[in-house]
Amino acid sequence: MDPKGWRVELNDGHFIHALGFGTYAPNEVPKSKAVEATKSAIDAGFRHIDCAHLYDNEKEVGLAIRSKIQDGTVKREDIFCTSKLWATSLRLQLVRPALEKSLKNLQLDYVDLYIIHFPVAVKPGEEHLPQDEQGRMIFDTVDLCATWEAMEKCKDAGLTKSIGVSNFNRRQLEMILNKPGLKHKPVCNQVECHPYLNQSKLLDFCKSKDIVLVAYSALGSQREHWIDQSSPVLLEDPVLCAMAKKYKRTPALIALRYQLQRGVVVLAKSYNEKRIKENVQAFGFQLTSEDMKVLDGLNRNLRYVTLEMFAGHPEYPFSDDY
């Protein structure tokens, strides 16, 4: 089945494509690469493009989308584009200007989904990760329920079709869901999710509240300087590799297919054209229920993206069980 057709309904009536293209790349990757990679992704069949202000490449991704609309490959309504509100803009008066800046960079009139990237607020300003002289994060104190009300206003104004969150734990989701006067529920919670961190408790909770779980770092995580270098490489896992041989697929495809069959929307991040084309093949086969159980058994609650620089803040999400 092709990736354009497989969509999941959100609790506000809109639909999200089950497989998305992740646009994040480490700083050392030239920004121009985002243009080519996004074009390749759209050519390969990706229609769900996951962006963020934090990635500093929304202009480039926007150029790619614009060029694929201009050359007739897609129409705007074929594309599901996500952007994210960064931690420097969680004060309610900063939410709409942040979204408007992303729209300007993306050259779009609206995004399909706008999400709160991280529940910890840091000092507003141009610097993504403001630090004091000791190298500690400069936090801000923000009422996330007020931030959410500003997100709701963005949806009502037509700047985004849907609104959601990312990196929220159960307690933080409940805080939004139980907010007096809640107008729009979050449609999704985008979190790190892969066979080593399968998020089964959070997934069950989200399903019970009609919130879609979206998986980032679904293939483990690239060897970045801020990732613990001693952590095991997911795609080299012997069980995953044996299963890949059995299905005549790559370990990456097994990891992506695993999420699709659990009802998780999954992001595949690659700037390599061959792998981009390969990742859309996640729709071309099915894992047996026995093999799904085997993959469930790989869980070891291993989080690659700990974002420990935020750990001193009361809203740091990863201290709770889930």
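Keep in mind that glycine also has a Cβ here, set from the backbone N, Cα and C atoms.
Now, the feature entries from Swiss-Prot:
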BINDING   20-24, Asp50, 166-167, Gln190, 216-221, 269-279  NADP(+) binding site
BINDING   Lys31, His117  substrate binding site
ACT_SITE  Tyr55  active site, proton donor
SITE      Lys84  site 'Lowers pKa of active site Tyr'
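Features recorded in Swiss-Prot, as mapped to the structure shown.
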residue	record	Cβ neighbours (10 Å)
Gly20	NADP(+) binding site	28
Tyr24	NADP(+) binding site	19
Lys31	substrate binding site	14
Tyr55	active site, proton donor	22
His117	substrate binding site	22
Gln190	NADP(+) binding site	26
Leu219	NADP(+) binding site	26
Ser270	NADP(+) binding site	20
Lys274	NADP(+) binding site	9
Glu278	NADP(+) binding site	18
From the Cα of Tyr55 (active site, proton donor) across to the Cα of Lys31 (substrate binding site), what is the distance in angstrom?
10
Nearest of the recorded positions (Tyr55, Lys84, His117) to Glu278 (NADP(+) binding site), judged by Cα-Cα distance:
Tyr55
Whole-number Å only: compute the distance from the Cα of the residue listed as 'active site, proton donor' to the Cα of Tyr24 (NADP(+) binding site).
6
Can you tell me how far the Cα of Leu219 (NADP(+) binding site) sits from the Cα of His117 (substrate binding site), in Å?
20
Please report the distance from the Cα of Lys84 (site 'Lowers pKa of active site Tyr') to the Cα of Gly20 (NADP(+) binding site), rounded to the nearest angstrom.
15
I need the CA-to-CA distance for His117 (substrate binding site) versus Gln190 (NADP(+) binding site), whole Å please.
8
Kindly assign Lys274 (NADP(+) binding site) to one of the three DSSP-derived states: helix, strand or coil.
helix
